[in-house]
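What follows is a short report on a single structure.
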Amino acid sequence: MTEEHVVLLDEQDKPSGTLEKYAAHTLNTPLHLAFSCWLFNEDGQLLVTRRSLSKKAWPGVWTNSVCGHPQQGETTEEAIIRRCRFELGVEITDLTPVYPHFSYRATDPNGIVENEVCPVFAARATSVLQVNSEEVMDYQWSEFKSVWQSLLATPWAFSPWMVMQASDEQARKRLLNYCQR
């Protein structure tokens, strides 16, 4: 895969430039565009992934299925499809926004900051996973309600963006409705 960049955003969340992804994520990460996707199988189970230990931010932490950054000139939907293929080796369908205006800023235990405008989507897996171990060290298909209970009981074991996304009542209802269809 070619070197990835993040699309930097100004105070009005408008693109203002790009920066190499690894260089962007520091103790003072600039605001940039991202996405988050919750992937479900045909049985309505959610794919929860554990981030590789080689990840710069939140290594080894459990999170939602796939996250990433649209590249300049790429739609969010195109970026989600690209990252699902790269990280999980999976094809997807029925890509649906569930929390289109999510944004957050969080600092990991090593001081690395995430500072993202991060629309959240749900999608359905249509092929068998072929996980990229450089991105994902473990994964689990689980019932959404069980994951929600785990997020409530042990939020520290999950990425802060996953906890924040699921804690939004409207987003949680949309995810629950999505997994039940």
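Counting begins at 1 with the first residue displayed.
Cβ coordinates come from backbone N, Cα and C, glycine included.
Taken from Swiss-Prot as is:
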BINDING   H25, H32, H69, E114, E116  Mn(2+) binding site
DOMAIN    30-164  domain 'Nudix hydrolase'
ACT_SITE  C67  active site
BINDING   C67, E87  Mg(2+) binding site
ACT_SITE  E116  active site
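Secondary structure counts, DSSP: the domain 'Nudix hydrolase' (30-164) has 31 helix, 51 strand, 53 coil.
Of all the binding-site residues given, namely H25, H32, E87, E114, E116, those whose Cα is no farther than the 10 Å limit from the Cα of C67 (active site) are E87. If you take the Cα of H25 (Mn(2+) binding site) and the Cα of E87 (Mg(2+) binding site), they are about 19 angstrom apart, rounded to a whole number.
Figure note: comparing Cβ neighbours within 10 Å for the binding-site residues H25, H32, H69, the maximum is reached by H32. Counting only the Cα atoms, the space from H32 (Mn(2+) binding site) to E87 (Mg(2+) binding site) is about 21 angstrom. For the pair formed by E116 (Mn(2+) binding site) and E87 (Mg(2+) binding site), distance between Cα atoms is given as 20 Å, rounded to the nearest Å.
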